[in-house]
Amino acid sequence: MSKADLIIGSQWGDEGKGKIVDMLCANYDYVCRSGGGHNAGHTIWVDGVRYAMHLVPSGILHENIINIIGNGVVVNPDVLIAEMAQFKNLKGRFFISEKAHLNLEHHSLIDQAKERAKGDKAIGTTGKGIGPAYADKVNRTGHRVGELLNPEKLCENLMKEFDENAKFYDALNIKIPEKIAVFNELKRFKEFLAPYIANTTEMLWKALDENKKVLVEGAQGSLLDIDHGTYPYVTSSNTVASGACTGLGLAPKDIGEVIGIVKAYTTRVGNGAFPSEANDEWGEKMCQIGKEFGTTTGRKRRCGWFDAVCVKYSARLSGIDKFALMKLDVLDGFEKVKICTAYKLNGEIIDYFPCNLESVEPVYEEMDGWDSIKGVKKFSDLPENAQKYIKRIEELTNMRAGFISTSPERDDTIIL
């Protein structure tokens, strides 16, 4: 019996998980998504071509791999259908859990209306309806992908719920759709998606029993976890390693190696605490060189120095075995680089991740920078200062480096 390996974002998302998943895919039979929705963007560069995916697992670029969207994902059928249209011959190699919840148009309208109402206190969601879809799931009023197989019944249930909540929608200035429009849309969803809806939990159990190799592609980052992240500025699902179990129907003993993905610096989209944020020329330089604009929203990402305290916390939460250091080349040419090694909280130096992260000040260690590393494929060929930087990150986070990315291209990666 085999185990499922995990790739987990260890910061606030956008770490570069897609590249590592794509690089490792050839060694696996299955690639799965276990949580999140189309708020998460996966970007892969192959032969200079950029592929941006939001729901479909990154393994879809390999025709011999079976790709699964698990029950923990909230699925927007419109987005999924448009994304699937980019790829050929999906039947038999792409499946959606019948238990995954639907993220429909009214969810995004609610999301956007609530964010507008909060004004300057807005969380900074993507406005894609992820939170409202998960809220319906927890409230036991949501609808699942399997219900698309009976669009007549699903339409009746949705219209009944719209009527029951008419005052709520009116207060948010959201117009309730006509029944015929809802039915026609659900019918279209069924016609396109029905061949791909399956009992993916049983499928994965059988795969592991048959010693197939399974890779789970995490969405977003550990610091956005609904329980362990910088609440309330978080996402609506569990993004740490344990979320893969509930999001796919796996047992803890089914989990094998856990690989954490970290950038050589730190980024964050939206509001919330960010101790090592660099609101200066260096942060702007990271943003421009690293092309730090969201795959999903196009929003400019906030940039800052590597935060070893945050990453050490993420590593412990997910039991990370080794990490992949991404975008090291973005720091090429920096005369000095910094690492946040601790925090100052109420005058005291701490080395742990507190609940009130917004109250801390960063404590930095400064190191000498390096010249270009772009395209380097051997650790020994890296400049000495770049090697020192990596080793210092290993020491501070209690993890070992397994991969070092030296450019966006798939092959420009040092494997240790």
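Cβ atoms are placed via backbone N, Cα and C, with glycine included.
Over in Swiss-Prot, the protein carries these features:
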type     : residues                                                                                       : note
BINDING  : 13-19, 41-43, Arg301, 327-329, 405-407                                                         : GTP binding site
BINDING  : Asp14, Gly41                                                                                   : Mg(2+) binding site
BINDING  : Asp14, Glu15, Gly16, Lys17, Asn39, Ala40, Gly41, His42, Thr126, Arg140, Gln220, Thr235, Arg299 : IMP binding site
ACT_SITE : Asp14                                                                                          : active site, proton acceptor
ACT_SITE : His42                                                                                          : active site, proton donor
BINDING  : Thr295, Thr296, Thr297, Gly298, Arg299, Lys300, Arg301                                         : substrate binding site
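Features as recorded by Swiss-Prot, highlighted on the structure.
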residue: Lys19; record: GTP binding site; Cβ within 10 Å: 27
residue: Asn39; record: IMP binding site; Cβ within 10 Å: 28
residue: Gly41; record: Mg(2+) binding site; Cβ within 10 Å: 20
residue: His42; record: active site, proton donor; Cβ within 10 Å: 25
residue: Gly298; record: substrate binding site; Cβ within 10 Å: 8
residue: Arg299; record: IMP binding site; Cβ within 10 Å: 13
residue: Lys300; record: substrate binding site; Cβ within 10 Å: 14
residue: Arg301; record: substrate binding site; Cβ within 10 Å: 20
residue: Leu328; record: GTP binding site; Cβ within 10 Å: 23
residue: Thr406; record: GTP binding site; Cβ within 10 Å: 24
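Here the candidates are the recorded positions Gly13, Lys19, Gly41, His42, Thr406, and by Cα distance the one nearest Arg301 (substrate binding site) turns out to be Gly13. Considering only the recorded positions Asn39, His42, Thr126, Gln220, Gly13 (GTP binding site) has Gln220 as its nearest partner by CA-CA distance.
Calculated from their C-alpha atoms, the gap between His42 (active site, proton donor) and Lys300 (substrate binding site) amounts to 16 Å. Considering only the residues assigned to IMP binding, Asp14, Glu15, Gly16, Lys17, Asn39, Ala40, Gly41, His42, Thr126, Arg140, Gln220, Thr235, Arg299, the longest pairwise Cα distance works out to 34 Å. Looking at Thr126 (IMP binding site) and Lys300 (substrate binding site), their Cα atoms lie 12 Å from each other.
Between Lys19 (GTP binding site) and Gly298 (substrate binding site), the C-alpha separation comes to 19 Å. Residue environment of Gln220 (IMP binding site) contains 28 other Cβ atoms, counted within 10 Å of its Cβ in all protein chains. Between the C-alpha atoms of Lys300 (substrate binding site) and Leu328 (GTP binding site), the distance comes to 20 Å. A Cα-Cα distance of 22 Å separates Leu328 (GTP binding site) from Arg299 (IMP binding site). Under the three-state DSSP scheme, Leu328 (GTP binding site) falls in the helix class.
Taking the Cα of Thr406 (GTP binding site) as the reference point, the closest of the binding-site residues Asn39, Gln220, Arg299 is Gln220. In terms of Cα spacing, the binding-site residues Asp14, Gly41, Gly298 that come within 10 Å of Gln220 (IMP binding site) are Asp14, Gly41.
When the alpha carbons of Gly298 (substrate binding site) and Asn39 (IMP binding site) are compared, the span between them is 11 angstrom. DSSP assigns Arg299 (IMP binding site) to coil, not to a helix or a strand. By the criterion of other Cβ atoms within 10 Å of the residue's own Cβ, the least surrounded of the binding-site residues Gly13, Gly16 is Gly16.
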